[in-house]
Protein chains: 4
Amino acid sequence: MKDTQLPEDSTSWSQDMVRSTLPERTQDGHKGTFGTALLVAGGPDMPGAALISGLGALTSGVGKLEIGTYRETIQSIAHAVPEATYVPDALVQIANGSHSLTSYKAIACGPGTAPDALTEAAIDKLLKAPHPLMLDAGALSARSYAKRSAPLILTPHAGEFSRISGYSIEQITESPGACASAFAEKHDLTIVLKGPRTTIAFPDGERFQNPTGNAALAKGGTGDMLTGMMLGMLCCHDNWRHAVLNAVHLHGACADEFIKTRSPHTMLAHDIAGLLPEVWKHYE
Amino acid sequence: MKDTQLPEDSTSWSQDMVRSTLPERTQDGHKGTFGTALLVAGGPDMPGAALISGLGALTSGVGKLEIGTYRETIQSIAHAVPEATYVPDALVQIANGSHSLTSYKAIACGPGTAPDALTEAAIDKLLKAPHPLMLDAGALSARSYAKRSAPLILTPHAGEFSRISGYSIEQITESPGACASAFAEKHDLTIVLKGPRTTIAFPDGERFQNPTGNAALAKGGTGDMLTGMMLGMLCCHDNWRHAVLNAVHLHGACADEFIKTRSPHTMLAHDIAGLLPEVWKHYE
Amino acid sequence: MKDTQLPEDSTSWSQDMVRSTLPERTQDGHKGTFGTALLVAGGPDMPGAALISGLGALTSGVGKLEIGTYRETIQSIAHAVPEATYVPDALVQIANGSHSLTSYKAIACGPGTAPDALTEAAIDKLLKAPHPLMLDAGALSARSYAKRSAPLILTPHAGEFSRISGYSIEQITESPGACASAFAEKHDLTIVLKGPRTTIAFPDGERFQNPTGNAALAKGGTGDMLTGMMLGMLCCHDNWRHAVLNAVHLHGACADEFIKTRSPHTMLAHDIAGLLPEVWKHYE
Amino acid sequence: MKDTQLPEDSTSWSQDMVRSTLPERTQDGHKGTFGTALLVAGGPDMPGAALISGLGALTSGVGKLEIGTYRETIQSIAHAVPEATYVPDALVQIANGSHSLTSYKAIACGPGTAPDALTEAAIDKLLKAPHPLMLDAGALSARSYAKRSAPLILTPHAGEFSRISGYSIEQITESPGACASAFAEKHDLTIVLKGPRTTIAFPDGERFQNPTGNAALAKGGTGDMLTGMMLGMLCCHDNWRHAVLNAVHLHGACADEFIKTRSPHTMLAHDIAGLLPEVWKHYE
Ligand SMILES: Nc1ncnc2c1ncn2[C@@H]1O[C@H](COP(=O)(O)O)[C@@H](O)[C@H]1O
Ligand SMILES: Nc1ncnc2c1ncn2[C@@H]1O[C@H](COP(=O)(O)O)[C@@H](O)[C@H]1O
Ligand SMILES: Nc1ncnc2c1ncn2[C@@H]1O[C@H](COP(=O)(O)O)[C@@H](O)[C@H]1O
Ligand SMILES: Nc1ncnc2c1ncn2[C@@H]1O[C@H](COP(=O)(O)O)[C@@H](O)[C@H]1O
Ligand SMILES: [Mg+2]
Ligand SMILES: [Mg+2]
Ligand SMILES: [Mg+2]
Ligand SMILES: [Mg+2]
């Protein structure tokens, strides 16, 4: 874990905090107890994003997972995420209201999806649903946010945050915490501003910084894994803030475990799913 | 293993009972000795169920495995279960009688199949076949059962059992053993009532409770794995009751092994197939 | 290794014989040094046979491997055997002479192919080619064999041997060595009569029995793996008889390694490819 | 490592040189810091080449990877290289200029691509782009090279080098270093002349020989892995010559690690990606 001075007075979401907030897996629970998550992800040229985020959700405590994606992506990835079931043409079905959202416990949208009108139309519907909602990657755009009853969590990296907030990359680099909190409070949502030291800014001004992670994560796909892990955590945590914080912390902790015996240049995003079971155990 | 008080006087199917009933793999046997199993599973939106249950059967002592599923599901999963061969459009072929069932030693139907008229029509044919038959998931519906010569085994969780029996979830939760035995005796079949403490009720009133397993199993796909394992066990056991009981026991024992070093939130159903070889060995 | 009395005076192809006949991998060799193998395998309902035998060849010393199979099988398995290249619609192309066979060092045909007229037509062409040729499974039929310049190796189990030889299963079970040698001498070819104790009968009357293997091998797919391994060994051995014998021996030795720590009911054919690297090393 | 006498006075690119030139993974870098690589690879009958080289790039320090290949190859391999994104019909799009090349840090072309007019047309465009460019396998042909601003690296084995240079195999075998350097200087490019002792000849006459590797590498696919690794290294190294040399060295070192406990006949090209993380670490 990094021991650098925290800028802008953010609190570090420490190992002890994780330890004391991780949920037990209720001994008598069944898959319904932990809930069904919907993951809208993947596209023709980015099928892997659905696979990686799907793996992330399934290894992070979800009860059941439905992956909404394109038919050809289902065909391509289903055997690699066999525990999931699939919603074909999900963006279209969600946008036109033909896919009911009532049964979900949490929803995430964005990894590998194109930032186009169809995605926007689907997000309009998702924003109106009464579930914790995460938007990432292709689902991050400059838009307005109506008041909603359940948590809304955006997970941009600096470039994406600049695009949706209007802050310049320079402003964000200089004062990540201040920018994230200002945006979070203004729009009444949570910003997970990803980077070497990820900042988590809640809508009421509470803010944390993540102490784990390293440059092994600086490679395509690691953000997709985080989205999936956070979606899974939202299903097994009672407290959604703990879910968000613990997902970011454990994601980085897996990368820290990786580089103990392996070069940081060589990690693949999906390696994280293989490391998570033992890393998580160390916190229990 | 859990050491809680057993409700309703069920006997625990203990580690020693497993030890004394597991079959040796006849030294001079060939794949024909252990028989060919038919697994009807999977569907367009649930291809993974065929993969997971197929893996379960293949790692549980089957001689040969045929997976009956949709053409697109074959295309999607075949490389992940390469030891199996495939029956394309199996539900249609079974329903219209064009696929002969004579060569099988045991049959299972249901994981990932839609609970629709086609499935029902296929099950009508399967019920008339003279083989041990397991019905799970999409193959569980409220129907009547004609007398048949070979064992019939249903593997519902509480929700599915409520649907097929008419008992309320409350009744089932309160008296799982009594409900399962009553239904089993009435319809002359075996009920594997799955849950945190799975109850196995045989048609003659004999009843056992499974002492293994934990909440790592509370996730999509674990039931599919059990169906496959039980199908495989039916092929390598002489005594079908032992096959049913040992499948449930070892399935849970794998999950118990998993959580010794890994968080229960992180297990995937197909991890069980990786754990089974060494876990089974410990009982031999 | 089994220590039972050998029937019919076959010599056991012992661990020491393997040790003294396994080839070194010429330090200055390149992939061309070890030659290109052609594997004709797989079919719409049996895609896995191509995958398993392909893995067997690639882990057994081949230089390059071409897998001839159906287009849809290529699509399904290519990523699982990425080191191979593919010949689409190989049976048709070979049968009509449009695929040149001159560049190969050894050829195998049969795992997962249908025993039909197309296969027969292709085999007619393969039999005329001047390469070591293995026929297995779907390529085994009752036919006559013209004199050929290179070794011809058939790998039937007892049922297949009965079909191609006219001996009854009883005769074969009673006197496997005598039956195999009689057929081998009569048709001037090599019979690998597979079973719990595989017999290898060469055309000149020389005969060996394999001392390795166990009932973990009594499951679909293990024969496909052996075909692949033998094809690979034909490429890296100078002496083709040693290739045949060592393939059978090491195939069984992998299964013997497996059951040291795992139940024999649980082995999958493709597990052998994972065990082979270290097992082979123990003989070097 | 081999300790044989170096022919023609090439310097060995030693373990110490690797150690002192491998880059640190900048602690504060993000995926953009390491750059996006374009890999043009794979074809209908050689889909695996795209998978293997893709794995090589992703495990070798790239920031983001785009794989340009055929639609059917994407469908076949995407789940096995989920961290990559895809450019469908890349050769066509590059040849006709409809796919912009401006965003890349390095480009490689050739593994599994057909050596035809389309490939040539695409290479014409790639040669004009201002990026480090690697050509391998199907992208190696006898052509002229206009002056370009960024490094051009060709990675032929002896047969391919003969084809593009006009030297006979005998000349190349006799004097690999002299031939490689003469060609490199004449055409102002870098030749990685692959073989049991790979020679790296830079355009200014500098020349090295690689001390690692063994005959486990003498099998289809290992060259594709090297291409991918070199592409990844070009992205994470500041000095492109070190990238080239270190890729060759570590590629061989993985094979040397493999044979410590496994037979050299059994290695698969994609095993290298599994060995690289710990092997690389030993040099850090
Ligand atoms: N240098 C780094 N140190 C720590 N974490 C990083 C670093 N680079 C990237 N990450 C993390 O990797 C993920 C990248 O997400 P994305 O940018 O969406 O691909 C985020 O969780 C980042 O916080
Ligand atoms: N909390 C739990 N403890 C033990 N076993 C469980 C638990 N939850 C689910 N299972 C088992 O996991 C499987 C779930 O099957 P299904 O409901 O069909 O997916 C059954 O074998 C259950 O007995
Ligand atoms: N009980 C057994 N003991 C040893 N080897 C066996 C046994 N059963 C099958 N095998 C081997 O497994 C393979 C089966 O091939 P096949 O019958 O074509 O699937 C052959 O190599 C057999 O020799
Ligand atoms: N006998 C050998 N010793 C060391 N390296 C080898 C040997 N044979 C092949 N290689 C390496 O394996 C790769 C083969 O590439 P290619 O010929 O394109 O498939 C190159 O990196 C060669 O240097
Ligand atoms: Mg991202
Ligand atoms: Mg179920
Ligand atoms: Mg066979
Ligand atoms: Mg090459």
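Each residue, glycine too, has its Cβ placed from N, Cα and C.
Caution: TrEMBL annotation is automatic and unverified by curators.
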Which of B:GLY166, B:GLY221, B:GLY223 shares the AMP site with B:LYS194, B:GLY195, B:PRO196, B:ARG197, B:THR198 in TrEMBL? The record says B:GLY223
In TrEMBL, (6S)-NADPHX binding by B:ALA49, B:HIS157, B:ASP224 extends, among B:GLY110, B:GLY112, B:GLY252, to B:GLY112
Rounding to whole Å, the Cα atoms of B:ARG197 (AMP binding site) and B:HIS157 ((6S)-NADPHX binding site) are apart by 11
Of the binding-site residues B:ALA49, B:GLY112, B:HIS157, B:ASP224, the one whose Cα sits nearest to the Cα of B:THR198 (AMP binding site) is B:HIS157
In the three-state DSSP scheme, B:GLY195 (AMP binding site) belongs to coil
Cα of B:GLY112 ((6S)-NADPHX binding site) to Cα of B:GLY223 (AMP binding site), in Å and rounded, measures 11
Quick note, B:ALA49 ((6S)-NADPHX binding site) and B:GLY195 (AMP binding site): C-alpha atoms separated, nearest Å, by 19
After the CB under 8 A filter against chain D, the remaining binding-site residues out of B:GLY112, B:HIS157, B:LYS194, B:GLY195, B:ARG197, B:THR198 are none
The largest Cα to Cα distance in Å among the residues B:ALA49, B:GLY112, B:HIS157, B:ASP224, listed in the record as binding (6S)-NADPHX, is 16
B:ASP224 ((6S)-NADPHX binding site) to B:PRO196 (AMP binding site), Cα to Cα, whole Å, comes out at 16
Sorting the binding-site residues B:ALA49, B:GLY112, B:ARG197 by sequence and keeping only those with a Cβ under 6 Å from ligand 2 gives none
Mapped onto three states, the DSSP assignment of B:HIS157 ((6S)-NADPHX binding site) reads strand
Pairwise CA distances across B:LYS194, B:GLY195, B:PRO196, B:ARG197, B:THR198, B:GLY223 (listed as binding AMP) top out, in Å, at 14
Simplified DSSP label at B:GLY112 ((6S)-NADPHX binding site) comes out coil
